[in-house]
Amino acid sequence: MSQSLIVALDFPGKQDVEQFLRHFEGEELFVKVGMELFYKEGPAIITYLKEKGHKIFLDLKLHDIPNTVKSAMRSLASLDVDMVNVHAAGGSSMMKAAIEGLEEGKQEGKERPICIAVTQLTSTSEAMMKKEIGIEKTLEEAVAHYAKLTKESGLDGVVCSTLEVPKLREVCGDEFVTVTPGIRLASDDVNDQVRVATPKRARELGSSYIVVGRSITKAENPLEAYKTVKQQWEGVTV
């Protein structure tokens, strides 16, 4: 299950990434590259990480008209990334176009990247969703609606809170991928995410993948922190 632990490389540039990865010589990680790092370094950072043997979740949360998303996904698939995402709010046509682009752009002999959709950001509270976004549903209802739309559109799963996983299993089935950010060790601050959980709790609730950032990247000893998270996630008693 260690490959289902994704480390968020939330750094401003390649130099910071290189410094961080020195702690992990010989480890093949599954890493997340987000907007800040990708927009600074471009596709070269993907090439660098692939050459190091790491799997990559390219977290750009595409949300645009279908043709634009299709073309963008074609380009991203050609980079040999392992996972990408879109905003479910972009609608079914956009999500279907994303899959088409990934199929067209994937490298010969390889499967297309896993494609998931963001239902609601983990920084979104129900009050914010209703007052600012204008969705007159409960947060649980809105997430379930987007997850169902995502599955019907042919995507593999969603980004969601761990707390939403059991409901989404009911709505979309056990094969539906759930990628859960907002994972913290019990001793950590929650920072800017409202809906958070520990690795142990994520495992108990049935998450497919967990995304862990600051608990590892800001630790005094990142490798030891990684091992701690991994043990909790895998249910290993030491």
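For all residues, glycine too, the Cβ spot is worked out from N, Cα and C.
According to Swiss-Prot, the feature active site, proton donor maps to Lys61, an assignment based on sequence analysis. According to Swiss-Prot, the substrate binding site annotation covers Asp10, Lys32, 59-68, Thr122, Arg184, Gln193, 213-214.
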Three-class DSSP secondary structure - Leu60 (substrate binding site): strand
Fewest other C-beta atoms within 10 angstroms, as judged across Pro66, Gly213, which are the binding-site residues: Pro66
Rounded Cα-Cα span from Asp10 (substrate binding site) to the residue listed as 'active site, proton donor', Å: 15
